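Participant: My questions all concern the structure below.
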Amino acid sequence: MPEQERKVTAKEASRKILSKLALPTRPWGQSMKQSFAFDNVGYEGGLDSTCFILQLTTGVVSILGMTCHSCVKSIEDRISSLKGIVSIKVSLEQGSATVKYVPSVLNLQQICLQIEDMGFEASAAEGKAASWPSRSSPAQEAVVKLRVEGMTCQSCVSSIEGKIRKLQGVVRVKVSLSNQEAVITYQPYLIQPEDLRDHICDMGFEAAIKNRTAPLRLGPIDINKLESTNLKRAAVPPIQNSNHLETPGHQQNHLATLPLRIDGMHCKSCVLNIEGNIGQLPGVQNIHVSLENKTAQVQYDSSCITPLFLQTAIEALPPGYFKVSLPDGLEKESGSSSVPSLGSSQRQQEPGPCRTAVLTITGIPRDSSVQPMEDMLSQMKGVQQIDISLAEGTGAVLYDPSVVSSDELRTAVEDMGFEVSVNPENITTNRVSSGNSVPQAVGDSPGSVQNMASDTRGLLTHQGPGYLSDSPPSPGGTASQKCFVQIKGMTCASCVSNIERSLQRHAGILSVLVALMSGKAEVKYDPEVIQSPRIAQLIEDLGFEAAIMEDNTVSEGDIELIITGMTCASCVHNIESKLTRTNGITYASVALATSKAHVKFDPEIIGPRDIIKVIEEIGFHASLAHRNPNAHHLDHKTEIKQWKKSFLCSLVFGIPVMGLMIYMLIPSSKPHETMVLDHNIIPGLSVLNLIFFILCTFVQFLGGWYFYVQAYKSLRHKSANMDVLIVLATTIAYAYSLVILVVAIAEKAEKSPVTFFDTPPMLFVFIALGRWLEHVAKSKTSEALAKLMSLQATEATVVTLGEDNLILREEQVPMELVQRGDIIKVVPGGKFPVDGKVLEGNTMADESLITGEAMPVTKKPGSIVIAGSINAHGSVLIKATHVGNDTTLAQIVKLVEEAQMSKAPIQQLADRFSGYFVPFIIIISTLTLVVWIIIGFVDFGIVQKYFPSPSKHISQTEVIIRFAFQTSITVLCIACPCSLGLATPTAVMVGTGVAAQNGVLIKGGKPLEMAHKIKTVMFDKTGTITHGVPRVMRFLLLVDVATLSLRKVLAVVGTAEASSEHPLGVAVTKYCKEELGTETLGYSTDFQAVPGCGISCKVSNVESILAHRGPTAHPIGVGNPPIGEGTGPQTFSVLIGNREWMRRNGLTISSDISDAMTDHEMKGQTAILVAIDGVLCGMIAIADAVKPEAALASITLKSMGVDVALITGDNRKTARAIATQVGINKVFAEVLPSHKVAKVQELQNKGKKVAMVGDGVNDSPALAQADVGIAIGTGTDVAIDAADVVLIRNDLLDVVASIHLSKRTVRRIRVNLVLALIYNMVGIPIAAGVFMPIGIVLQPWMGSAAASSVSVVLSSLQLKCYRKPDLERYEAQAHGRMKPLSASQVSVHVGMDDRRRDSPRATPWDQVSYVSQVSLSSLTSDRLSRHGGMAEDGGDKWSLLLSDRDEEQCI
């Protein structure tokens, strides 16, 4: 067909189809070459390149053997993937398949063969084929993007384009040299992406598939004819093309936004289907579909497309069940090109009205910040946006009046200490639209509300720090992107909240999720508004180090499922194909034999429960395959069992051998020949040798079997260790002894020869014992990890919420099936199953596993919760943010594992020595053999002199060989490794026994040998330096004793606090009972506890307590109370709490009382007030007291040349206060478990040996990483198992004792080795016959290992005389040096910051700020500063694991 005729035909066809679809046409004269549907992939598309004639054929295949729809699905999936197949439809009822295919690529017979390969019978049905010419269209095309590496110039680009363009099925190809990629449009029934990739690889380049676009399918709408029109080319140019002739203003005149209601969508695939297909229609500029709202926003050119056309196109999309509703006023219009304007389209989406209130605020200091006020208001329900101007003293609040009122907003601000008034004339009604407009109050000042509008462009309303914004981007924008940022410098959850809250205020940030332990932030953002480098800069502006991570892929989920109901291979194929087509699943493999499926997925898109649901929807049953939780841990049960068996077997037969050896050493007045055991049973065989032979044989082949196995493995790797030396010595000794004994019996010798049967039992007994104990110690590793994992909850209560957060359904879900984004209910006393954020409810959480602090932390909506922590009080709903291996607890487990794996074993000195000793002895033995043979043949008289022939029938040569061999074997046996092998284990066994007697449990020889090298000891604070529980330090009576006695106050306060579960309340109750000398208290009613403030109740029946006078001392400075006060029963109204609690109840706190509280708070103590019957009558100072021996231990370690440091998760000021009392100069405060590990590694990298002393779960990674981990005996099981040394008596002076004992033990080991070496150095030359000329020859007793072994054992037993230095000795050594340090003498490092935080002089404002920071065990005080910004900043840096700002923990 001529080119001109072809264009005319296309034009006429396009006009016909457009007239049917009410699509307005435009003159061809305005046309110019533009691209359609492919502009977004980087190349132009034109009519000439998209349409060509193609011959298609439809055939019918008869199929026998199909039994279910799974078979139908398998056949359709298999055949549709073949080249040349356009479509296939299989009918189970008719037993046939209708296939549309390209006959030039394959025929019907080949299709039948493919079906038969699947196990079915297939044949072509006659007379049912039809063929017709077809034009290629986008409905039959797909796009793939390939990564091409190796291109260097434009010639490479031309070569690839030229070759790929010639391939059958390739429609277009565009190669980019700068991007190193190729974008190819192809026909999937003719060629596949893998073929395209292979063709490029064959040309010498490296190619990989990046992504592919699904074929475009629009059902009855003829996209090919739509493409044939040039209306889009003429009227609606793509936004990316800057060369278009129309001006931007002209183009905007035709753009409109249409809101549509779409029913029938059920998953993300529907969204992608609509967006992908409709977005490529002529005139459609942009489309955004919301699955949650069931709406779509379409931006289109009203001059070339109509709303009716869009409705028809969407409803025609497969599978054909979409139902589109046009806005009011448009349903009845047909063919009209007029569409609602942007503003009118937005009004269709408007929800209920919102209001903007302008507040006038007075009392804000100029040097303060409005951030705390904004945070407080943003957390109120119904508040949508806040903008407060510090300069003008005004604030604009956008709120929903149906949820919150303006009076409530005013009251909330007034509660912060400011004066507020609401301007009624400025309260205006607004509607929150889905467009780009921002609500604005009438009459607002430019400095307030307009700033709010600018801060919220892009419709990013501020939802508060606890809100996770997962909403899609605005309709007018592009798809959101995600970046991952590595953040350094975070020390607590307050830092996390600070980063999340600050980033969410910026335009373009859609959601922020920060992980504290991994130091990583996941940020979703709108790339048109903000870019990832700017996000990193925003984080750095907050004072952290931030860097964009190159690998932006999220951690991939991996599960194994058990699937039942599969019967054949087609079932497997059906499941795999269904899973791989599911969005979010990256890999699926199903095994029919094992009925298991291995699935990898993106946890952000899909979860395990969703995957199981997908499988069950296609008719199968799936469940999670439970894996052994401890499968990855080292299991030493087998090794322990085998070495225990080896030791016991060697011991049973070795004890008699040792007895016989001692018997041989007993001096006797008679010659040895006359001894009973020396008598021959038969000629050449004595009683002693017979017993030795029997016992040694059992030991050699039963007890020594595992030594042979280890020696074989060592020799196979071409190395010689202690096992090789032991096996070599015992085997040669046994074989030599057996041979000479048999020879003596054969020759009927009068005297039984000297044998070495005593060597193997001695060696095997002690070495097997050492190996057994070694593997028992190693097994503790897996126990520590198992106990760590046991902290995790096994199930989670996942709930489904309805309107107003009403719980519609609860479901108990195994932890493995909990997904990110799940809403989880946690009841009081339960464990938080995952990391998350509180959605609803208030509670207190015990987070000691991460902070080490025993004080519970207040949790409210928006607060971060940690997996494994315990919910102490209220029931809460949380949203899961980190699950599986991303939780904080999993990160701690990972830290412990890495520390244990990286901790190189300390090689025994004897093992190192044996590597040289073994070959040396073999060489000496061989030289001895050769030298004596040479000497014998040169001068036989020398041999005959020292080795008289037992028989005259033996030849001269035989005598020489026997003598030379005997001396050679004697050298091997006298060089006994027994003494070397016993040198270390005997000293270690005695040393550990002595340590246990002195209250120190040392796990094996490695920590005992290493402790003497320690140069730095790092102490944890809570529970290690301190007792770990709060104690009352001072009880100050604020009223006259005559008015209210101390005993009465103690009785009332003790009774009130007896109803409290808070640790501070328990401490107060305990103190009151001790002071009153009683265990019974009065009664309390109307008890109320307000988290973060205090308690209130009514107390009665305390008269009986006052009548009882216990023998107890009163606090210093308080006189004896008067007797006989009040005879009748009284009821007291009691308030106990912080300053704010007293203010709320109308009590005034004088400056003297406030100063007294501040003095205690400056010391790291918590001060609370007591009011009885409306009168402020007492102040209680509570603190976690320092252990009395802590300062002495610190001074003693320093005197030994050991550096001492304090490392704690508590805030810097509490840590500094403790350090000054103990005498520690260097402090690391506000550190995480990972920081503790990093600090230990940092010191180890400097060549120092580090000991870590701790007691909590959060210390366990550092305990495992340290060269010697020392745990407090009263600490957690996890810490005890992870440590190398346990202080049973909870005495810090035992740290000094363990180092002292280690030095003694190592010194004894060295003495033992010297004794063993001396024995060998003297014995080997004698055994070799070097001193024969001077008459020194090998005597029988020297063949026994007892000479060296006994000396080594006796040397080790001298350790039993060790005595631990007593307290008086330590105090005498530290006399005159136990002085508290000043604050300036203590250097504090915060988190991973190596910069010293010196102690500045306290200004009046610092004292005020300090009150709101310092606390007991990460508790903060109650003084609410009116200078909100500075208090907030301080809280972010100093508070630990608090939600958004400093929160006070009170009784």
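Keep in mind that glycine also has a Cβ here, set from the backbone N, Cα and C atoms.
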Participant: Of the residues Ser80, Ser902, Ser1443, which is given the phosphoserine tag by Swiss-Prot?
Facilitator: Ser1443
Participant: Based on the annotations in Swiss-Prot, which residue of Ser474, Ser1399 is described as phosphoserine?
Facilitator: Ser474
Participant: Labelled phosphoserine in Swiss-Prot - which residue from Ser81, Ser159, Ser782, Ser1384 would that be?
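Facilitator: Of Ser81, Ser159, Ser782, Ser1384, Swiss-Prot lists Ser1384 as: phosphoserine.
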Participant: Have a look at the recorded positions Cys68, Cys71, Asp1020, Ser1384 and say which one has the shortest Cα distance to Cys571 (Cu(+) 5 binding site).
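Facilitator: It is Cys71, whose Cα lies nearest.
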Participant: Please spell out the DSSP helix, strand and coil residue counts for the domain 'HMA 6' (557-623).
Facilitator: 23 helix, 24 strand, 20 coil
Participant: Out of Cys68, Cys568, Cys571, which has the highest number of nearby Cβ atoms, where nearby means within 10 Å of its Cβ, if these are the binding-site residues?
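Facilitator: Selected residue: Cys571.
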Participant: For Ser1384 (phosphoserine), name the DSSP secondary structure in the helix/strand/coil scheme.
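Facilitator: Ser1384 (phosphoserine) sits in a helix per DSSP.
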Participant: Provide the three-state secondary structure of Asp1020 (active site, 4-aspartylphosphate intermediate) computed with DSSP.
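Facilitator: In three-state terms, Asp1020 (active site, 4-aspartylphosphate intermediate) counts as coil.
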Participant: So if I exclude everything within five residues of the ends of the topological domain 'Cytoplasmic' (711-717), which remaining residues of that chain have a CB under 8 angstroms from its CBs? That is, six or more out.
Facilitator: 723-724, 726-728
Participant: Roughly how many Å separate the Cα of Cys68 (Cu(+) 1 binding site) from that of Cys568 (Cu(+) 5 binding site), to the nearest whole number?
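Facilitator: So the Cα of Cys568 (Cu(+) 5 binding site) lies 11 Å away from that of Cys68 (Cu(+) 1 binding site).
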Participant: Take every residue in the topological domain 'Cytoplasmic' (779-912), average their pLDDT values, and give the whole-number result.
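Facilitator: Mean pLDDT for the topological domain 'Cytoplasmic' (779-912): 76.
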Participant: Does DSSP put Cys71 (Cu(+) 1 binding site) in a helix, in a strand, or in coil?
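Facilitator: Helix, per DSSP.
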Participant: Between Cys71 (Cu(+) 1 binding site) and Ser1384 (phosphoserine), how far is it from one CA atom to the other, in Å?
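Facilitator: Just about 81 Å between their Cα atoms.
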Participant: Please work out the helix, strand and coil residue numbers for the domain 'HMA 5' (481-547) from the DSSP assignment.
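Facilitator: Its residues divide into 22 helix, 24 strand, 21 coil.
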Participant: On the DSSP side of things, how many residues of the domain 'HMA 4' (355-421) fall into helix, strand and coil, could you say?
Facilitator: 17 helix, 24 strand, 26 coil
Participant: When the topological domain 'Cytoplasmic' (711-717) is classified with DSSP, how many of its residues are helical, how many are strand and how many are coil?
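Facilitator: So the counts come to 6 helix, 0 strand, 1 coil.
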